[in-house]
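Record features (TrEMBL):
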| type | residues | note |
| --- | --- | --- |
| COMPBIAS | 1-19 | compositional bias 'Basic and acidic residues' |
| REGION | 1-20 | region 'Disordered' |
| DOMAIN | 25-413 | domain 'Catalase core' |
| BINDING | R69, R109, F158, R355, Y359, R366 | heme binding site |
| ACT_SITE | H72 | active site |
| ACT_SITE | N145 | active site |
| REGION | 507-532 | region 'Disordered' |
Amino acid sequence: MENLQDSKHRDLTKNKSDANNKFLTTDQGLKINDDNNSLKAGERGPSLLEDFILREKITHFDHERIPERIVHARGSGAHGFFEVTNPIPELTKAGFLQTKGLKTPIFARISTVAGSRGSTDLARDVRGFAIKFYTEEGNYDLVGNNMPVFFIQDASKFPDLVHAVKPEPHNEMPQAASAHDTFWDFISLMPESMHMIMWIMSDRAIPRSLRMMEGFGVHTFRLINAKDESVFVKFHWKPKLGTHAVAWDEAQKISGKNADFHRQDLWDAIEMGNFPEWELGVQVIPTADEHKYEFDLLDPTKLIPEELVPVTIIGRIVLNKNPDNFFAETEQIAFHPGHLVPGIDFSNDPLLQGRLFSYTDTQLSRLGSPNFHEIPINRSIAPVHNNQRDGHMRQEINTGRVSYHPNSLGGGCPYQAKISEGGFSSFNERIDSHKIRGRSESFNDHFGQAKLFFNSQTEVEKSHIVKALRFELGKVETAAIRIRMLGLLAQIDQQLAEKVALGLGAQVPDSPEKPMNHGVSPENEMGNQESTTVKQSVSSSDALTMIKNPTNSNTITSRKVAIICNEGVSEACVANIKSALLKEGAKGFVIAPHQGSLKTENDGAIPVDFSFLTASSVLFDAVYIPHGKKIIALEQNEEVQEFLNDAYKHCKVIGADGDGQKLLKATSFASKIKTSDKGIIMKEEKASKDFATEFIKAMGKHRYWEREENLYQ
Ligand code: HDE
């Protein structure tokens with residue numbers, strides 16, 4: 001099979017346009033002589049209607065915007081490839097999974113859900129993670145999230161969920177935030193959301209980088225092999241850089257300092273050649289095991305613990321090229337879980353089933369035409385021939401008189417493919433059932449896996465969940481909603497509920513309120529027979545934590561270090577850390593009271609990357625204070641103090657050598673530093689190799705969260 005890696009790039013080249021050395025023209029190709037002045041009746045006279053050049057320019061401008069995505073409006077995308085490392089022909093006949101080393105071009109778009117297109121990247125939210133595979137058998141879309149479960153079990157509740165979380169309709173507030181009454185009102189009446197609520201209140205919802213998140217297909221899918229045998233699968237993708245988060249206080253500050261933080265991080269990493277990479281894997285469940293577990297495989301509020309079914313890695317996903325044009329590619333790309341190739345099929349998960357309708361439908365209003373598949377980024381590299389015709393902005397010029405099937409005038413073309421010729425056929429599942437509007441009883445355990453998730457977390461992670469809930473519910477104005485939530489949290493973990501209640505100054509209710517009191521009919525309107533809690537066969541799973549996550553590595557590749565400097569800084573110290581970081585693929589940035597250059601201790605000069613005004617600790621992973629004659633003078637600088645305070649508060653590595661230590665010792669937190677805190681590195685000796693090695697090793701742990709114990713009591 002030909003290696004396909006560049007085939008999509010070749011395809012896109014047909015539509016690329018470069019204005020270098022070209023004349024300015026109208027849309028009709030007419031060369032423009034004056035683009036600065038409209039046509040007027042006299043120099044001081046009115047503009048003339050006949051100015052078709054002005055009219056064309058302004059008309060086009062007036063129509064530049066398209067509706068943003070109803071959800072996932074804020075996103076960033078990149079090109080890349082998927083490479084098979086472990087072919088699985090015994091499980092699927094999908095062509096792009098058959099041959100070791102085969103590279104299929106992809107485009108990935110990673111997004112937040114609730115915020116508008118211009119909203120901050122660091123909102124507490126689930127991240128969408130959608131990947132389009134341009135395979136030889138047509139486009140395959142894996143449209144997942146960075147959390148393996150979802151809020152609701154049935155598609156019919158999706159508009160309600162989204163209405164509840166979006167800014168409130170009367171005043172359009174708050175933007176990109178779930179911390180408001182309507183969201184928690186809805187959630188407190190939806191016990192099925194409790195597992196997802198644990199995920200969204202955990203640090204998974206505030207990733208350090210889009211490159212440091214896991215991806216999940218969420219629903220159960222089917223794979224089908226050439227013998228028409230099927231297995232169920234769950235898709236997982238695991239980041240090479242590990243799964244990491246920022247602190248919530250940090251996330252909020254980043255939103256102010258650089259709302260494009262994640263977008264920029266992804267862009268810069270790719271530009272620098274630090275290509276983000278994930279391993280793609282599957283959990284495989286034989287069809288015979290469909291009913292083996294205490295949860296239903298069709299229930300999207302449940303995951304399959306990796307202790308029960310391990311993830312088999314089948315390939316790697318690499319993002320290696322930024323888009324040429326955000327609108328043409330990242331904005332216009334249209335995903336759909338129903339874009340399938342032979343060998344992959346759906347399950348009957350009722351959330352997935354609803355999605356199969358929604359995605360084409362939404363493109364019709366967002367992209368404006370059923371011809372959205374012709375937009376270059378959406379175009380398949382496999383040939384497209386059918387009898388679909390016309391519509392807005394049709395690009396293809398179909399020749400001949402035949403646009404129907406069957407036909408004899410066109411020789412029967414385009415003809416249907418046999419299965420042996422790659423024709424798609426749905427899995428031949430036997431269905432023999434009553435038509436019902438309801439839900440299976442096997443979906444009724446709403447707390448079992450919420451408990452599993454909570455119990456799997458380290459103490460630090462549990463405390464972050466408590467704080468997140470205190471924050472979110474603390475912003476809720478209606479006391480009854482807060483109390484109702486405490487009642488639900490108590491069913492996950494009594495201590496969790498009590499700790500949250502303490503922060504809210506409220507009491508955990510003795511018996512939780514029934515959702516039925518709030519417009520939910522007792523008999524099954526939500527499918528809501530009483531929630532039951534089923535005993536879990538796994539009580540704790542490391543794959544669910546971030547801190548103990550098996551994907552974690554101690555690489556510091558692409559991490560950023562702030563080097564705090566003043567006039568008279570030791571050039572040797574700066575050079576020492578910079579070169580040591582560079583060897584690890586990380587980068588040091590000089591930050592000083594002013595931009596330009598800084599005089600060094602030997603009357604040399606070093607360039608300054610940022611001033612304290614244009615940089616902030618939250619934009620870096622660690623801080624280093626090198627030796628310098630005048631470094632202690634920064635003690636008086638409020639911005640420097642805030643810089644260091646934040647770095648400490650957000651549990652980052654802080655290092656200092658020589659006189660740099662004096663500045664560190666002059667901070668308000670100096671007296672709190674424990675000798676056991678391995679994230680604080682001080683050395684008398686200047687510019688030593690040992691210091692750099694220790695600093696880098698410390699950064700490998702990402703954060704020293706245990707520091708929070710003496711920060712918040
Ligand atoms: Fe989506 N979702 N979704 N969703 N979703 C959209 O399609 C929808 C769900 C996901 O970068 C929309 O083109 C329904 C789960 C991603 O372009 C829309 C339901 C998961 C993206 C839509 C769900 C997702 C979307 C809006 C419940 C994780 C962004 C714009 C039945 C497995 C794709 C668009 C991109 C986007 C509908 C639930 C992932 C309206 C009805 C569960 C990553 O069609």
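Any Cβ shown, glycine's included, is placed from N, Cα and C.
Annotated features taken from TrEMBL, shown on the structure.
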{"residue": "R69", "record": "heme binding site", "DSSP (3 states)": "coil"}
{"residue": "R109", "record": "heme binding site", "DSSP (3 states)": "strand"}
{"residue": "N145", "record": "active site", "DSSP (3 states)": "strand"}
{"residue": "F158", "record": "heme binding site", "DSSP (3 states)": "helix"}
{"residue": "R355", "record": "heme binding site", "DSSP (3 states)": "helix"}
{"residue": "R366", "record": "heme binding site", "DSSP (3 states)": "helix"}
Report the largest Cα to Cα distance, in Å and rounded to a whole number, among the residues R69, R109, F158, R355, Y359, R366 that the record lists as binding heme.
21
On average, what pLDDT score does this prediction assign to the domain 'Catalase core' (25-413)?
98
To the nearest Å, how far is the Cα of H72 (active site) from the Cα of Y359 (heme binding site)?
12
Whole-number Å distance between the CA of Y359 (heme binding site) and the CA of N145 (active site)?
15
In Å, rounded, how far does the Cα of R109 (heme binding site) sit from the Cα of N145 (active site)?
11
Just going by other Cβ atoms within 10 Å, which of the recorded positions R69, H72, R109, R355, R366 has the emptiest spot?
R366
From the Cα of N145 (active site) across to the Cα of R366 (heme binding site), what is the distance in angstrom?
21
N145 (active site) CB neighbourhood, other CB atoms within 10 A:
25
Length of the line joining the Cα atoms of R69 (heme binding site) and N145 (active site), in Å
16
Let me check the 10 A CB neighbour count of Y359 (heme binding site). How many other CB atoms are there?
16
Cα of F158 (heme binding site) to Cα of N145 (active site): how many Å, rounded?
15
If you draw a 10 Å sphere on the Cβ of F158 (heme binding site), how many other Cβ atoms land inside?
17
